[in-house]
Amino acid sequence: MKQTLFDKIWDAHVVRSIPGGLDVFYIDRHLIHEVTSPQAFDEIEARNLPLFRKDKIVATADHNVPTKNQHLPIQEPLSRLQVDKLTENCNKYGVELFGLGHQNQGIVHVIGPELGITQPGMTIVCGDSHTSTHGAFGAIAFGIGTSQVAQVMASQCLLLSKPKKMRITIDGPLHKGVSAKDLILYVISKLGTGGATGYFVEYAGSAIRSLSMEGRMTVCNMSIEMGARGGMIAPDETTFDYVKGREHAPKGEQWEQALAYWKTLYTEEGATFDKEYFFDASDITPMITFGTNPGMGIPISSSIPVNVPTGEAASFDKSLQYMGFAPGESLIGKEINYVFIGSCTNSRIEDLRIVADFVKGRQKASHVEAIIVPGSKHVEQQAIAEGLDKLLAEAGFELREPGCSACLAMNEDKIPAGAYCVSTSNRNFEGRQGPGSRTLLASPLVAAITAVEGKIVDITQYLN
Amino acid sequence: MEKFEIIQSGAVPLPIENIDTDQIIPARFLKSTSREGFGENLFRDWRYDNSGNPKADFALNNPRYSGQILVAGKNFGCGSSREHAAWAIYDAGFRVVISSYFADIFRGNALNNGLLPLQVSDQMLQRLFEQIEKDPQTELVVNLPEQEFYVPAWDERVTFDIDLYKKECLINGYDDIDFLVSQKEAIEAYESTRPWAY
Ligand code: SF4
């Protein structure tokens, strides 16, 4: 039978299948962070187990860290405790840690790829749902709960049933100003937040192929927002060029061996999926969300829908009420007070370049607070090396130190109740960016333009 | 993990769709390094106002409803993978969540913590909401060994699906770690077949 990319990698990682349909599934890389690992370490300790393969675990501090003065002790006692606990556990068990101040520190899904830890053909897990990001390399990568974190620590394996397979094909050229973020917001708006529950998604088609690795990561990152276990893209020259030479990438003889294998990782002609969707890239325009789940997205120039599927009206109304919007309304002209550029979706160097390029010679609106939180120390250093920090500062944007920041507002970077924030992150859930905060998800370009205008505008005027 | 067999209890209705784990337990309450105590902040921002007073119109604050069964709208537990969501629900005294659809990670997390995610059809969910609305004292009997639940008010039995391995684990209070650790030899043998790069 013809195999899909997903089948090939899945089958290569089955240690054994047990009666009842579950597989003992081997994990190549395990990424951990301060929020979802402490209880797992406790579990291991309580059972008096060693870490089965400690050299396959990499740790970083990201969710809870301040984005100012990272060289000073963390002010907030509970955050400090979590970060200290991670350090203590990593030291005790001999796990490699990129803690605060380390040159490799950053958001777990940004550092894996940039250090070459993430490679095609791998299985990668992390106690964080956006682990799907790593699928951009042609890896099976997905988020797990803390009990599973402990399972991987104890055995390097998980007990899983093989998910169903979905392929989403997007063909054709993308319009100017339409980014990977718009593409994925568009797809999620079509499928809905539960549209891919139970499936593992492969993205294909010429529009996907044309994306850079960073764009592909943005797409795979948000797979979870339509319920998918993960998303993936077959590796190609773009992938190999990106991985080559990175700190943890295979070298010399091993590189050649790896490359030969990676080139076998694609979906064969005639292989079948449980579900397929096709989209035309030319239908996609810059997107923004208006509601409280990422499926509630619209082209920025259109209006909030009036008709919603029967049975969903109550949830829809509740959502609009929270956001302070009305059905049929346009978002154009809405005043915005906060702009957040960051998160594992859009905090990489290409995102920062887009923002810096746009704001060069411009000023943010005086009533807007605009913060940019790079995804990692390396991104931050690169931005400084390219002089982006100066361009951003001149335009009134604040470049912070790396972490998850206002993506989930566990640290002090919170959006006040009732305020609107145009955010490049991935979730617009109620209170996600702070109690009562109202989030509108968009691309880095839309976010930058919003900061300058101080309100939502139809960005097409800037595109020529 | 506590053993799960039969639960007979009233139910608390939350007829809202796409309840994400940020609502179940907001991120700012994830700072504990232990598993206990999350129940206090279950549905924090829906349950309490800004000054910490209970909101009277929220089901968990409504004395009409009580029990170990939470009945919630479609696509329950979407969003963040935080297992704290399952811990919080369990910690608040629930043993079963009924919905017509569960997000994958939440379903797995619940099963790993002795909390049964029980999936029913959209129609059945609707009927349950209507029944509980009509009679807040409505009792349900969830029988895991038989894979069915019984609604005395209708004298009706409804079967449900669950993975057989997971069912055994719940009934016996086992978890996957015990099983996976017992597979050490097979895992090592597997590792020896993948000599390079990874
Ligand atoms: S940036 Fe946001 S979505 Fe990404 S890992 Fe951090 S908290 Fe999760």
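Placed from the backbone N, Cα and C atoms, the Cβ positions cover glycine too.
Note on A:C404 ([4Fe-4S] cluster binding site): other Cβ atoms within 10 Å of its Cβ, all shown chains, come to 31. If you look up TrEMBL, you'll see A:C344, A:C404, A:C407 marked as [4Fe-4S] cluster binding site.
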Please work out the number of neighbouring Cβ atoms within 10 Å of the Cβ of A:C407 ([4Fe-4S] cluster binding site), leaving out its own Cβ.
29
Looking only at DSSP and grouping its letters into three states, which state does A:C404 ([4Fe-4S] cluster binding site) belong to?
coil
Local backbone state of A:C344 ([4Fe-4S] cluster binding site), from DSSP in three classes:
coil
Which are the residues of the chain, A:C344, A:C404, A:C407 excluded, whose CB is within 8 A of where the CB atoms of the [4Fe-4S] cluster site average out, their centroid?
A:D62, A:H63, A:I107, A:H109, A:H130, A:G342, A:S343, A:T345, A:S347, A:G375, A:G403, A:S405, A:L408, A:S425, A:N426
Across all chains shown, how many C-beta atoms besides its own are within 10 angstroms of the C-beta of A:C344 ([4Fe-4S] cluster binding site)?
29
